[in-house]
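Per TrEMBL, the feature signal peptide maps to 1-20. TrEMBL lists 101-258 with the feature domain 'Histidine kinase/HSP90-like ATPase'. TrEMBL lists 108, 112, 156, 161, 169, 175-177, 196-201, 248, 455 with the feature ATP binding site. If you look up TrEMBL, you'll see 294-330, 483-506, 770-814 marked as region 'Disordered'.
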């Protein structure tokens, strides 16, 4: 027994020592009992042209690939790991909470590749040898398709990952715990996990059912991470793929419903949209058709087929010595080459002093997809520092979109693109700029925001308020600068400044007028909506006035022309300038040389409800009560003189809802006008509100304000009325005249008549009286023709015309 004891013990120890390895690692071949079919993984295409060695292949590599296992099951010799998070909750977060569309996966992978390249570039600043030599020194991102095997590969020459990195970085969700991650999202906490390897990387399972990550770090061997998102992933040393040298290659085995991502044009579109401004070049292994010359008689049997596929041109050329060249034809041949996808430079990363006007124009055209000859009216390129750091470029387009104001309050359209570390996030952020500045084009690139894949979550980030505040200030400064550089805006400056303006080029002449004509309504909407920046916006306001001579003027220019002692800024609203210039409300103001602003845009009525004052000057609507243009020396005397008339007239208009009749200080040649109370609607506002599709007249009555009839005590009609009332206040004809004058004043003041028929009858009665026609005279009655006789005549006439038409058409045919 002792003879066999020692060998038995040794054998037992050997078996025990091999058990742990066998528990973790098994031979590369799958067990025969495995139900999955063994399919070779997709092979990398053979090296064509300038294909980097990391993506090339040879017979040895092909042989090693042939020994790999099915993509349907993890390699049996790999070390297995279990996700801590439940897969169902993990996928629910990815699909329902983080990603609004599947396209986002490519953005995440390119962003990760860019981060890896950034890291190796940073390390190379202190250690140049870390980049290695040859192709490894090229910091680039390469995308390749294998349509036959439905594989999309993305390769970078970044820092790569060690075995520990693969476990840690690709297990972010498992490491942090799904429950904790969900809790962070619900409480609006810091979501910096999003966009890094981990949550962002797992977006690949929206389009792939099996993923391989092949990575090589300078400090470790080459490893393969693989998973089907079924609760487990595996890592094994890579002995069958071609050595990468350094970096990471991600292979996505696409689902059947994700075949669209095997289309080159689709990938180009996604890279242009999301990753156009990544710092590193992004290449796509793209097909290209080229023309090649082949002998005409090389393959006669397939001549018919080739002519349908390619245009062939057979030529018989003669050399200088007279010898004939063989006949050749041109055929199409498909070749593959690396195509650069991101050739537009991120100019916002450069200093504004280094960027030329031509570069800004080209960048604007690329951003706005506008390749016309029109240049942007202005641009602002700046860097914001502080709690939130970001770079931004804003442009004022040369022309407003045709639908800019059609659905102003119902759309969330924005022309501002948000980037985080040069990765496109979204262009649907209505929180970055207010609606009234939505016409601006541009982009914002922040390094401090989390690289969030969800627009809804990022909109709640506290930094957005700070970014918005700075963007508004810069946008308004940019618009103000357009006015400052416009020679037409400098007409009120002194002669020396005018000479300097005259020396400027005509390029900026009239530029602010052009801006105002396109986007002026946006500035007015800004005054209504943005109380914090109301004064800044008011400086940008432009309008015509009684002294502007058909040109646009500003509030600052108006104030500079105000009369000594003038405390109010006078304005009037209406349909058009020509109508307002003839308004009776302006008679005394014009006579005393006061300037009045003309507001003719419907939005101006709303605007002036918010713009109460400017530079300590109050706004006064000259068609409302409270107009103060100096005291009349005979004011009290006139008021007492016409006291009886005003009281009588108010009683005569009791049915017209007139609040009072007063002596006017604004009339010169007009006998009377109708004004409204200071805080009620003007006549123009009443028209606007009544024209609304869903307006309710019963609910608008309280805003109409009290109507006041103001009379001109110096007008002969008013004087004559006073005398007649004094003689016989019960004279019915005088009452009719008083009502007619009120209705006329109401119409001339811009109001709509409640009873146009009654007004017309009073006018006709007045005409009769002037023509000495009896008030009882009526129109003569027309002689009635019997209905049957008239019908017979009409029928006979119609038959005759029909016969003539038939005869004429018959002649034409003959």
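All positions are counted from 1 along the displayed chain.
Placement of Cβ uses the backbone N, Cα and C atoms for every residue, glycine included.
Just so you know, TrEMBL annotations are computer predictions that nobody has curated.
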Cβ neighbours within the same chain of residue 156 (ATP binding site) - under 8 Å, at least six residues apart: 113, 114, 116, 117, 140, 141, 142, 247, 248, 249, 280
Least buried by Cβ count (within 10 Å) of the binding-site residues 169, 248: 169
Surrounding CB atoms that lie within 10 Å of the CB of residue 200 (ATP binding site), all protein chains: 27
C-beta crowding around residue 108 (ATP binding site), within 10 angstroms: 25
